[in-house]
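Lifted from TrEMBL, the feature list:
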TRANSMEM  B:6-27  transmembrane segment
TRANSMEM  B:34-54  transmembrane segment
TRANSMEM  B:60-84  transmembrane segment
TRANSMEM  B:96-118  transmembrane segment
TRANSMEM  B:138-160  transmembrane segment
TRANSMEM  B:190-212  transmembrane segment
TRANSMEM  B:224-250  transmembrane segment
TRANSMEM  B:265-283  transmembrane segment
């Protein structure tokens, strides 16, 4: 009898331990090097989530383990993902700023019984790489499609596209072209610019010669965006009335102080602006600014990370802390909540986030700070890129 | 015709900006025989100082430029005294390792002190905006950079070829021991020419900031372009660097207009052809 009691007690203790575990989440992102700012935003978003919601789900404590992949490096990303799953015993993988990094780690998910929550990488195809992938960021197709409508309604019928010559740039070109032609407009020329272009003056001459009434551009945030906008202003395109449209990558909040007056009036479409007016966002921004240290550095990857942690917390809740990727992913399919960016849903079929896309205009507030002012909302935008890829 | 003229002007402006940024490197590599991979780092320090002075302290642009040049030289003097002086005349590998190490240190420090965001140097009203040339408009700042490039080219040429200090530099470079025996204080000559080269790097960093905005990875990002200019022009040759910049500026700008999808293909094709035909650069000094 005593022996039986001991066994029962031991079992109780053991199962108790199993239900009050520390659940590890492995986050892979660029935390040093040229893209360190984006990694810092991941971390700020995650820290903000813990600051607001605490790091406990039920009895389980969530612990985040970071791994640094400074630039897009699929081999390194895969090695870290494997190390996190096998040695660290993480139950969830998250982060991923670059598409190739997410793609490289995706084949490990099934065997490792681990869900992946993509917090940034924006190529449509990632969700097809494994049934365990859920994405809380955006796709380039998703953000580039609505602005075609804006351009057409503003009176442009002939447009030129200029995109950086790499995956997301080409996505943006295709997305815009598809949407603009659907609206009845015509893209007269599509230029792909090498990633390391620093003098855009000759390209502005191309824009002038093409006879387009407006231009659409996609550039990854960083030094070239500044040179591009300056070239647009300095070469007289602005005064010639050629309108400027882009995705929000170009007016990332951390780049706005450098763009300064040159950026005022630029219209971009994106899923999140730090200035978004809602109580959820105010609470998020306050916590994230505290986490990142310098408020000027806060931008969109933070909200992807914040919502990514929300999704993971729901997964932990559904699996009660046990490692079960299929249940975890199934639990968040169709999950709807109010994110700092507005109402969002994880689409049950694609596992990608359906969200509002906002048209924003760069403006200057009373204190002289530049911000993205939301002027129009395109509600419940899914990812048109996945459908386009299936065709 | 209008397009040709327009591209010509873009090419001239881009070439002159390249010249202002790269000429300091030509001086260190040609006259001091140091492969200074930290050139970009010093240009970046200049950019950061100017940005800090003009943006955060609200000083006038001219004053900010002056402060950037003087400040960068002040930072560089102890670096020269304690680090560079050991590698004069050392093998190229030693020089490369040392200077790339300095570059990484500067990147880390810049990231820590100024943060990873882009910094620009705000222009005064007299330099911002653009002027109408009749057939196109061009940024006033670019005209200013063209002018500054010409002034720098002339002043350097005058200093090296026409003054007694220039004679001492050339003597010290060709045969330091003999120059010292004749009473030239080679250490001081080296220190001064190093300071001049660093000052030019800082000036280039500030003037080029409109095109190449300052951020911590500036130090490495544009280093290849600077090295290409020096190897095409011939290390140490002022006129060579000027011709190289104008030529490369013209090829790059035209290529970018006609066939942007080819990227830097035309640029590097030209580099290969020129280096094959002139292994010492267009106007390299013979050893």
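Glycine too: its Cβ is placed from the backbone N, Cα and C atoms.
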Taking pairs 6 or more apart in sequence, does the count of Cβ pairs under 8 Å between the transmembrane segment (B:60-84) and the transmembrane segment (B:190-212) hit 3 or more? yes
Are there three or more C-beta pairs under 8 angstroms joining the transmembrane segment (B:265-283) and the transmembrane segment (B:138-160), sequence spacing 6 or more? no
Count the Cβ pairs between the transmembrane segment (B:34-54) and the transmembrane segment (B:190-212) that lie under 8 angstroms and are 6 or more residues apart in sequence, then report whether there are at least 3. yes
Cβ under 8 Å, sequence separation of at least 6 from the ends of the transmembrane segment (B:96-118): give me the contacting residues as numbers and ranges. 34-38, 40-41, 44-45, 48, 52, 79, 83, 86-87, 213-217, 219-220, 223
Are there residues at least 6 beyond the ends of the transmembrane segment (B:265-283) whose Cβ is under 8 Å from a Cβ of it, and what are they? 228, 230-235, 237, 239-240, 243-244, 247-248, 251-252, 254-255, 259
Taking residues 6+ outside the transmembrane segment (B:190-212), which of them lie with a CB under 8 Å of any CB in it? 14, 17, 20-25, 27-28, 31-32, 36, 39-40, 42-47, 49-51, 64-65, 68-73, 76-77, 80-81, 84-85, 88, 119-121, 123, 139, 141-142, 144-145, 148, 152, 156, 159, 165, 169, 172, 218, 221-222
